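I'd like to ask you about the structure that follows.
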Amino acid sequence: MPRPPALATTTTTREGRATRDATRTNAVDSAKSVDVDATTTRDGAEAIARDEGLRGHEEHLKYRYATYRARREAIESAEGSLDAFSKSYEKYGFNADEKSGEITYREWAPAAAHCALIGDFNGWNGEATAMTRDEYGTWEVKLPKGAIEHGSRVKVRIFTGDGAQIDRVPAWVRRATVEEGVMGAGYDGVYWAPEEKYEFKHAAPKKPQASRIYEAHVGMSSNDAKVNSYREFADDVLPRIAAGGYNTVQLMAVMEHAYYGSFGYHVTSPFAVSSRSGTPEDLKYLVDKAHGLGVRVLLDIVHSHASSNVNDGIAGFDFGQRAEDSYFGQGEAGYHWLWDSRLYKYDNWEVLRYLLSNLRYWVDEYKLDGFRFDGVTSMLYHHHGLQMEFSGDYEQYFSTATNVDGVVYLMLANEMLHSLYPEIEVIAEDVSGMPTLCLPVNEGGVGFDARLAMSIPDFWVKYLKERPDEQWSMFEMVSTLCNRRYTEKAIAYVESHDQSIVGDKTTAFWLMDAEMYSGMSTLNEPSIVIQRGIALHKMMRLVTASLGGEGYLTFMGNEFGHPEWVDFPREGNNWSHDYCRRRWDLADADHLRYQHLLKFDKAMLALDNDYPYMGAAHQHVSTADDGRQILVFERGDLLFVFNFHPTNTYEGLEIGVPEQGKYRLALDTDAGEFGGASRCGFGVDHFTSPEPVESWVGPYEQTPRAAKMFVLSPSRSAQVYYRVHEHTPVSSEPSTEDIVRENDASASNAR
C-alpha cells in the first residue's frame, strides 16, 4: 500500500505533517505484514462456531481479519477515523466553501507532471488555471466564488511525464454529459452546484424483516420506445411497484456509463448520476417519492471493475504509470478480459479512499437505503471466477487464489456502512458461494446482509430447457432451493435482468414461447401451452419465494410475465428501443391473461404481510415425493402444498401438519382470478387427526409431523394453508383475501 497523501485542507505545519505521515507509513507497513497471532478481543475465527467446514482454514480467517484490523487502524491513525476517511468526497473533486463560496478542486494524479483545470469558465485554456501538487500526488486549485458557473463543462488537463497532454473527466465529478447533436462527442464533466438543492420530504422506511425487491432499470422503464427519466419513473412506475407489494426497489444503471448497452455495468464516472435519465436533483426526487410510498431504494453499485474507456471516465487516469500511482492494477491484475474492463487495486490507499467515499456519498447525498454489490466474485479471487467451476470445496475459497485485499475492502465497506447506517441493507452478487460472506465482520465474516441465490434461476432454466414436466424432481428442487449457508441470508429469485438479456429468454417465454403473441386473450379458451405456462409461472415464483431464501426479487415486468428479452439500442438492431422498454399496457389490459399473473404476484406478496413467511426462521420440508411430484413444507406459520404433476389430481391427499387444529386456505395458484380452474374453495375448514405422519424428503426420513390432514391437491397447482386461531395480521397493508376479493369482479368480467 503506498503512502497516503496528506489532506490538503489541513493547517498542519510541514514538520507536523511529516510526523503524521510517518505514523501513516508505519501503520501501512504493519498492514502488509500482519501477525496472525496478535492478541485481540477477536481473531476472525469466530465464524467456525457457525460452520465446522471452516475449521481447516482457521489460519486464513485469522490472517484475513488481522489484515482488516491493521488496514483499518492505519486509516484511523492517519485520517482520524473511518468515518472521516469515507467522507473524502467533501475534500476531493469540486467543493465550495459554505461561507465564502470559494471553490476548491482536488484530484489525485501522482504520475502527472503538471495539471490544469479547463472548461467553459476559462475558454478551455490550459494555461489559465494551473494546479499545484502536494508531495503525495494530489493536485489542487482554488477559485473565487462564482468563477465556475453551475452546469458548465469542465475537465482536467494532465501533462504526463513523457510530454503528452491528455484531457480527462474529473474522477470525483458528480455529473457528466455528452454535448447533444454532436456526432461521436465524448463526455465532459459538469460543475454541479444548483442554488436550490432538492429538499427531501419523506423519512426512509425501516429495514423490513424480508426484502421484497423490485429490480428496475430507469432508462428502459417506459412503455414507449425511448429512454425514460427519473421523474417519469418516480411518477409512473414507482406507484406500480408499491401497489404490487414490493418494499424495495433496486435501481440499475444509475452510475454514469458511456455505453448504454452495458446495462450500466461499464461505469465511467462512479460519483455521477447517469445523465440520460436526468439530473442529480431528479434522482433525489425519485428516492424521496419512493420513501413516501413506503419503498426503500437500493443502488446497484459497481466496485468490481470500471469501464476501460479512457476518454470518458476514470480509466483515463491510468496512462502507464506504476500500479501504486494508479486506481488500477497492472497486467492481468488490472484487466478483466471477459468484461473488457479495468480492475481496481484494492490495497491502494487512494482506491480505498475513493471507493469508501463513493459509498458514503450515495447514501449521504441521495438518501439511499443500501446497495447490491455487482460482480463480487471478481473481487474475491485473483482468477475473478473466470473459467472456474465452484464445487463447494472449501479449498477453492481459502487459498492463494483468494484476493485478500479485495475481501478486506469489502469488510471495510460493510463495517463502515453498518456502523454509520444501522438500517442499511447490503447484498452481494457472488456465484462462488464463499462461506462467511454474509456473516458480521466482528465474527470474521465479510459483512454482507445477504447474497443473491444465483443457483436458483440456473436450476429453473435447466428444467425448462431439458426436463419434461413429468421428470421434475421434488428432491432436486428442494436441494437447490434450500442450498444456502446456515445463518447466512439469501435473496431468492426465479429470474433477474440476467435472464432477460437478448440471447436468453424470460421464464414466461420459456414456458409459452410464440403463443404469448396469440394465446393470451381471455376472449378465447387458453391452449394447453398457455394453461401450462401460466400455472408453472405462478408455482415457480411461489416455491422460490417461500423456500429459496430470506427475501425475494423480481426484474421489472417479470411479475406479469413480460414476453420478450431486453435488447438495448445498437447498430445490429438499427438503434431501436422496441425491445428496450416495458409493456405495461399488457398488464393493464383487462382482456389479456397477463393480468392474472400480476394479480397472483400481488397476492403472493400480500400473504407475506399477513403471515410473514419469506424471512421466517421456521422452515421444514415434510414431503418431497418424486413419484407423485408432491412437495409439502412449512415456512413460518404457513403450510405449503405443491402438486407439480402435469395431470394427476389427488383427492384426500394425506399431509403432515405441525399442530392439531383447523386449517383454511390462504392462497391458491389455481384460483380463477389468477387464471386457474378454481378447483379448490376458500372458506373450507380442514380438520386434523392426531395421528403422527412420517416425513420423507427423497430418501431421507425427517422428523414426523404431529398430526395429519387431508386436502384436495389439483394438478399443476399449489395451495397455502394457515391454522385458524385468534390472529391479527401483523400489517395494515392489504391482505391476500382483500386482494382476492378486489380481483373477483375484474376476473369475472375478464372471463
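Backbone N, Cα and C define each Cβ position, glycine as well.
According to TrEMBL, the feature compositional bias 'Low complexity' maps to 1-13. Annotation source TrEMBL lists region 'Disordered' at 1-38, 726-751. Taken from TrEMBL, the feature compositional bias 'Basic and acidic residues' covers 14-23. The domain 'Glycosyl hydrolase family 13 catalytic' annotation in TrEMBL covers 233-604. Positions annotated as active site, nucleophile by TrEMBL: ASP374. Look at TrEMBL and you will find GLU429 tagged as active site, proton donor.
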Please compute the mean pLDDT of the model over the domain 'Glycosyl hydrolase family 13 catalytic' (233-604).
96
Provide, as an integer number of angstrom, the distance between the C-alpha atoms of the residue listed as 'active site, nucleophile' and GLU429 (active site, proton donor).
5
Enumerate same-chain residues with a sequence separation of six or more from GLU429 (active site, proton donor) and a Cβ-Cβ distance below 8 A; give 'none' if the list is empty.
ARG372, PHE373, ASP374, GLY375, VAL376, THR377, ARG451, LEU452, MET454
When DSSP is mapped onto helix/strand/coil, what comes out for GLU429 (active site, proton donor)?
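Where GLU429 (active site, proton donor) sits, the three-state DSSP reduction gives coil.
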Mind giving me a neighbour count for ASP374 (active site, nucleophile)? Other Cβ atoms within 10 Å of its Cβ, every protein chain shown.
21
